[in-house]
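According to TrEMBL, the disulfide bond annotation covers C740-C749, C1329-C1338. Annotated domain 'EGF-like' per TrEMBL: 196-237, 238-277, 800-840, 841-883, 884-926, 927-968, 1425-1466, 1467-1508, 1509-1550 (among others), in sequence order. Taken from TrEMBL, the feature domain 'FAS1' applies to 518-645, 968-1101, 1111-1239 (among others). The signal peptide annotation in TrEMBL covers 1-22.
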Amino acid sequence: TSSLNFSPTSLCPLVLVLPGSAFLKSCSPDPGAKKRCDEKLLVTMKTECQSCFLNLEMDCPAGYMKITNGSGIRDCRYYLAIEIKTYTLSLPGCRHICTKEFQQPECCQGYWGPDCMACPGGATSPCNNRGRCSQGINGDGTCACQNSFQTHGDLLKLIHFCTVCSCIHGTCNSGITGDGRCTCFSGYKGINCDEPLPSCEALQCPENSRCSTSPDDETNLACACLPNYQGDGKTCEPINPCSKAVCDPSAYCIYLGPNRHKCTCQEGYRGDGQVCLPIDPCQGRYGNCPAQSTICKYDGPGKSHCECKEHYRNFVPGKGCHMTDICVTNNTCHKNAKCTMVAPGQITCTCQKGYVGNGFICYGNIMERIRDLNTELEGQWQGKLTSALSLMEYAYEWALSSLGPLTVLLPTNKGFRGINIKDLLSNKEKAQYFAKLHIIAGQLGTNDLNNTNTIYTLTGKSGEILKGDKDNQLKIRLQGGKKKGKILQGDVIASNGILHIIDKAMENVEPTFENTKEETIMSVLRDNGKYSRFRSLLEKTTLAFALEQNGGPYTVFVPSNNALDNMQDGALDYLLSAEGSRKLLELIRYHIISYTQVSEIDLLSYPTNTLHISRKGQILVNGEEMEETDIIAKNGRIYTLAGVLTPPSIVPILPHRCDEERSEIKMVRKSLSKGRCVYETLSNLATGCARYCNVTIKEPKCCKGFYGSDCSQCPGGFSKPCSGNGQCMDGMKGNGTCICADGFQGSHCQFCSDSDKYGPRCDKKCPCMYGKCNNRIDSEGGCLPGSCRSGYIGKFCDKHVIPCQPFVQFCHAQATCQLSDGIRRCVCNPGYEGDGTTCSEVDPCATLIPGGCDINAECIKTSLGTHTCICQPGWSGDGRDCSAINNCLLPNRGGCHDNATCMYVGPGQNDCECKEGFRGNGIECEPINSCLNQNGKCHHLATCQFVSSGVWSCVCPKGYEGDGTMCYGNAADELSALSEAAGFNQWIDEAAINSVLSTTPDLTVLVPSLQAFENMDQDEKAFWMSKNNIVALLKYHILVGAYTLADFQNLSSSDALPTSLHGKFLHLSKENENITVEGAKIVVGDIAATNGVIHVIDKVLMPLIGVSGMMPKLLARLEQMPDYSIFRGYVIQYSLANDIEAANSYTVFAPSNDAIESYLQNKRTVTLDEDQIRYHIVLEEKLLKSDMHNGMHRETMLGFSYQVGFFLQNDQLYINDAPINYTNIATDKGIIHGLGKVLEIQKNRCDINDTVIKNVSCRGKTDYSPLHSSPLSTQNFTFCYVVFLLQTRGCCAGFFGPQCQPCPGKAGNACFGNGVCMDGVNGTGECKCDEGFNGTACETCNEGKYGHNCDQECPCVHGKCNSGTEGDGTCECDVGWRGVRCNSVLIFDVAFFSFHYSSCFLQSNSSAYCKCAAGFKGNGTYCTAIDACEIGNGGCSVKAECRRTTPGNRVCVCKTGYTGDGIVCLEINPCLKNHGGCDRNAECTQTGPNQAVCNCLKGYSGDGKTCTYISLCSVNNGGCSEFAICNDTELTERTCTCKPDYIGNGFKCQGNIYQVNHNIPLLPQNRFQIPHMLGQGPPS
């Protein structure tokens, strides 16, 4: 809405009236003074927007002067006057600027009211210069007094802040002229009348007199009259003020007693009696005269009457006058216009629907204009347009009457010379084609034709504009034609376009396509090679069949071959691929309108943002030029395009894949004897036949910013997904959802979540004052259309409007007034647009961005100035934000069968495809029966098993793992099938360790390639192939632990890899991400085996000749580690070596010398005690670095109650809080890891140990030992028993949860001693607070309590209490209250003071002081609100957010991942709810706020979410004798039974002499870590 500005060129200056206060003083106005100072205003307005051609004849309203020339200014849009179903067409237009001088009545300074009466106190000194007068023609003459002054009926009193008269026994000389002096009562004297006089009894003063000092001689006493009396002291009479002129001349004086009176204004006057003003009824409710139609006339004090305004008549009391209807008495409008009274004496003429003009002249549609021109009496074209009229009526009468805008070239009758008009009118299709050669889309005037060289007709044919002929007149010739049509008369205006009368008809140029109702659309395309590419694309989809049939009808937009060839490189090839078939289908669908036959004329009536008309009249679809139009076929119509229409849902067309390649050994089936295998990285074998092939696998992945199987771009575009304000769920498995950052929301994070913020960062305060903010990130912070509150308008809803006063007569009937800085403006009401003097109804849906709706929404006008946004079919949302509906994500999965895959095609569209094993159309799918159809799909070792209808599965045999299409066995099996391991397999056979490779768990085999064997030196080969050395060589290629390539990448170069050859390690090296082991490159990695991993390397690894096979014991290994010598000394000092070595395995965490020295220095001690050393040792488990998982715990030598935990932070592994710096140093039975810090014992568990004795039978050859038990004795003559320890897990007091975390509060003082913690293993850690206490850790008092015991009640009634455990209960009072309990009201009204957040108090000496109220700070005169969050985060936890509420107050809110009251915030422990989602046989460990990891317990394996039991017998034969058989009986129990021919209890089994001798190793000290892998290593 544009405002109408009035620039005042006043005859006298305007006065800005500010609120204030002044004293009243009667004063007669100067009879010669000037009272009226009318303003001369320059009114500027704009005419209604309309067609620029029509605007040439537009005049300004009566009394206004036009200041623009020609067609005016092009700065507006108008609505086309045609009827097109559900929407309005908005077009660029023109309007004129008009001005008018206007005399606005106004009073001079010091005068008020319509009669401009003088203000109280006189016009020269209004309100006695002690206040502000409500002056001006709209004022009421009242005075707003300054501070310190007020009006009363009695004396004027001086009130200046806290200053008062101080007369103790006397009266004060107060008032505006008073000086504060005291007149003392009898017997008193002094300045304050507080000094008593000597006895006055002797004088015997009469009534109404008193004893006082003589005025003549202060040493003598005399009788004097009392105040309010007069006389000589002997006779005193009461003073009568009414005897003097103390009241206003227009007031009555009433005597009330000695020196007391009352002044009352006479009837018809108002005031306090001292000053009486005449009452002007016209100022109060306008004298009860209806302001719109009458004028109030002042008849004297309290009297007035009503008169009709000009152009009104017949006054009726209470109702007003009736407006004179000029539309009835003197209608000057056009016959096709509507006359409307808009103001007294003013009418507006509005052309009826379907007509355009200024109301005095109205033009009809194109057909109507042709008829008018042809029939106009004595007109230039009377009877000369009959042929053209007949052609247009026959071909397109409805279209030329109802649609537009159109430009029509209208030949005269002579212009049809040589054309048989009767033949044309006998064939409608030919008539329509010929007519279209004379019709141009859009509105092209002669100026437009002069500025271009080419135009396009509705046929798509171009025309040439010729301007250089001798007659210098415009001529038009169609391309390929010879005739030139000269414009005889141009710019004939019609409501839906423009006409140009030409002297020759356009040449009938033949179309490229021949219309045929005998052929289908596919047949027509097949006959024209220019569009063969699109036809072939159709044939690759199911749509070709539909277009070949007689159904429909269809409208098809056909791109040319050149258009398809010009598509982005590779786009067409991708669409033609199997992967791009879905996008191809959607692209083809985007070119077809189903079940609709649209003519080119109809296209102009389609409400779409994709259809535009160029300045040359060419129709553009999505910006692509239309070549041939309206080609008629049997089942529809064809339009040809110079470009391709690409639906937004498939942009970009290319999938933007970022696939990753990796090499992998793939197993092939033996049955494929012809299958050839290419080993790209092995130089000795180019191709061949084998069970294993080294293949390159391409793993499909989307580039960043793309998602889904088709790699569609994320919302907001792939270059800036989620508008740069969120994280897109991208990748092949993503769904494209935007997870918006804090502060943003919307389908692509395009809105601010705070409805009062806007801008790219949502950090700008919205300037929208009284409306709903447009909180888009790309907005300017204005208000949403139609959201302004009642009484406000403008872009920011900040302009306050009021009903127009009767004195403002130039605003439109649908406008209101705005007064700002002395300038009046007329502004159109909501739902209208204009400059205020001219207002027309606005259609919010006719703007360039309809109603601010989403591009995929429809704007629907609901009422005057209001609208709603409805998402289009296939989209969902609120209309401002519409998201594409993915049918495949709906509950019914797009109507697909349960055994079908739903494929997203576009918004609200999908296809269904039966899954593998089923057949059908996707809506219905039936199973493909049995495994018989699946031959060749399973691995050669697997079998096909029928599961259910249509479902089959390949199952690997027992002992093998895999998905059935791939099966793999143990390391021995896989090596035997690996052709590259042929040489290595010969070593295994000669060393007879095949069974070891098949049973030993967690090993890594480094297999030299065949070429590596060939490259061995012959002497070395002969040496290592000997019977005594081959085992050592083999063991040097077998690592303890399973290491994948990823594990190698995660290890550092300092990590040593222990081999199964005792005491020998392999060194890892990484350069440019290339891994080498002892200099050998890994040629092929990660060959899976059930018990480990196999890697093929390019060289044979050979240990040093003469190395011993003996792995050193603990102390020997520590002696080889000089940086850990202090720890070794402690192990010796406390005699721990034997206890450690007695275990089957162990893990030692040794602090370095620097770590121990630093610890002793910081703790100020001289040594570590034995318990501290034991805390660094884990028994019965050998933990490599790869075995220590994040969040895992293990008990130490101190027992189960003393555990250590392992944590991964920033790729650094920690044990408790100590970094593990040196890893995997092997001993004969264990592993050593070096630490950079000493572990401090954490005592948070208080487990209970119980001894249990269980009797068992000694019969047979078995023994019994339960899990988690410690057998103390096993046999006692005739019966057996087992003594073992049972542990009951528990937390110490003040600790809770499975990991025994500390309760809230201080260390050793749970819940700060003010409550009871719900501790224990099954506890929640919640504090149950004592009476009076509150908070997460019972750290504060309940509201209204204070003191150390929170048992004191706060006494504050109207103030803030100093509460809490440290509070003292003192009160800080609110504004207007004081006292210890803030329950006393202050005696002074706060309104008298310039400060509003403080209170005025009286001190003991009667002086006043100011103090800021609760929640404010300052000196009392100036107070500012206290920001409670400014210092120390407001006392909130560092893990909380402090949020300001009211001055001096705040609330604390824990951050995400934390819980509590904000003062104390605890990390949310997911493990406390549903065990954190971990398996019941796993430990859940909290690793951060609301973060946890799951690790299977000892004796179980898995990912922590699922844990499976590890057979007791699989490790060290379950603790049974090597001559015994171990059998699992339950999850926690097993039995040991001696083998046949052996006797014993299963733990110890004895055989005969031969058996014993045969099994005693010759060199017991050389037993290897992997069982049965015997060998002495190379000789020295």
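Cβ coordinates are placed from backbone N, Cα and C, and glycine is handled just like the others.
Note that TrEMBL annotation is computational and uncurated.
Since the structure is predicted, the reported quantities are computational estimates derived from the model, not experimental observations.
Here the C-alpha separation of C1329 (disulfide bond) and C740 (disulfide bond) works out to 39 Å. The residues of the domain 'EGF-like' (238-277), classed with DSSP into helix (H, G, I), strand (E, B) and coil, number 3 helix, 19 strand, 18 coil. In the structure as shown, the Cβ atom of C1329 (disulfide bond) sits within 10 Å of 22 other Cβ atoms. In the shown protein chains, 26 other C-beta atoms lie within 10 A of the C-beta of C1338 (disulfide bond).
A mean pLDDT of 86 is what the model gives for the domain 'EGF-like' (884-926). Sparsest Cβ environment among the disulfide-bonded residues C740, C749 (other Cβ atoms counted within 10 Å): C740.
C740 (disulfide bond) sits 37 Å from C1338 (disulfide bond), counting Cα to Cα. Here the CA atom of C749 (disulfide bond) lies 41 Å from the CA atom of C1338 (disulfide bond).
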